[in-house]
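Peer 1: Sharing a structure here in structure tokens format.
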Amino acid sequence: MTARLIIMGPQGSGKGTQAARLAVRLGVPTISTGDIFRANIKGGTELGVRAKVFTDAGNLVPDEITNAMVADRLAEPDAAAGFILDGYPRTADQADVLDGVLAGAGSALDAVLELDAPREELLQRLHKRAEIENRADDTEDAIRRRLEIYAEQTAPLTTRYAERGLLVVADAIGEVDEVTERLLAALAAHVG
Ligand code: ADP
């Protein structure tokens, strides 16, 4: 099976952790837009300077910047046989652009994994992470803003993927290992 996957889920759902683990198990690279932005901000690149004002406030980086960055990354040879997109697409425009980029390369998505967790659990996990990691965008306001944007702009994308028969939902509650196995089992059941 090819594994051209998106992993979706609100901030705090464990999406990044699970994306990295699935990538190892499936032998494909993870493409995390948040990680790429953070690396560029740290490196002081032009992209990083442009992105920082948005990420610090918990706002989305404008679509034209993000879309171009992801299209470039998907064109790299290691993504030819599959990938796990983490943190992208987050808007309807990004989802449209992604479909176009894949179609242009003669490929398409295999599945969209969604991690599901109750809001109280998410907030608890995010506050814990803020204490441990000290991320610039893990302030109270930025966290609230990111959850709002997720609910308004990103969560609705699951409907579109469900309509295309691509959506696979898994419960995000439990031990990290348990959630990974749950995701892999749900994926296997989906792709048959
Ligand atoms: P989180 O999932 O906790 O919001 P991420 O690491 O995925 O964190 O993203 C951090 C920040 O990077 C976002 O708040 C946003 O500013 C920017 N970002 C990441 N992915 C995207 C995207 N697809 N479109 C626009 N901005 C993005």
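Residue 1 is the first one shown; counting continues down the chain.
Including glycine, each Cβ sits where the backbone N, Cα and C put it.
Just so you know, TrEMBL annotations never went through curation; they're auto-generated.
Pulled these from TrEMBL:
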BINDING   Gly12, Ser13, Gly14, Lys15, Gly16, Thr17, Arg129, Gly174  ATP binding site
REGION    32-61  region 'NMP'
BINDING   Thr33, Arg38, Asn59, Leu60, Val61, Gly87, Tyr88, Pro89, Arg90, Gln94, Arg135, Arg146  AMP binding site
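Set these features in their place in the structure for me.
Peer 2: The secondary structure of Arg129 (ATP binding site), as reduced to three states from DSSP, is helical.
The average pLDDT computed over the region 'NMP' (32-61) stands at 96.
Every protein chain considered, the tally of other Cβ atoms within 10 Å of the Cβ of Val61 (AMP binding site) stands at 20.
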Peer 1: How long is the line from the C-alpha of Asn59 (AMP binding site) to the C-alpha of Gly12 (ATP binding site), rounded to the nearest angstrom?
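Peer 2: Asn59 (AMP binding site) to Gly12 (ATP binding site), Cα-Cα distance: 16 Å.
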Peer 1: Tally the residues of the region 'NMP' (32-61) by DSSP class, grouping H, G and I as helix, E and B as strand, and everything else as coil.
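Peer 2: DSSP composition of the region 'NMP' (32-61): 23 helix, 1 strand, 6 coil.
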Peer 1: Does any of Thr17, Thr33, Val61, Arg90, Arg135 have a Cβ within less than 6 Å of an atom of ligand 1? These are the binding-site residues; tell me which, or none.
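Peer 2: Within range of ligand 1: Thr33, Val61, Arg90.
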Peer 1: How many neighbouring Cβ atoms, not counting its own, are there within 10 Å of the Cβ of Thr33 (AMP binding site)?
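Peer 2: Taking all protein chains shown, Thr33 (AMP binding site) has 21 Cβ neighbours within 10 Å.
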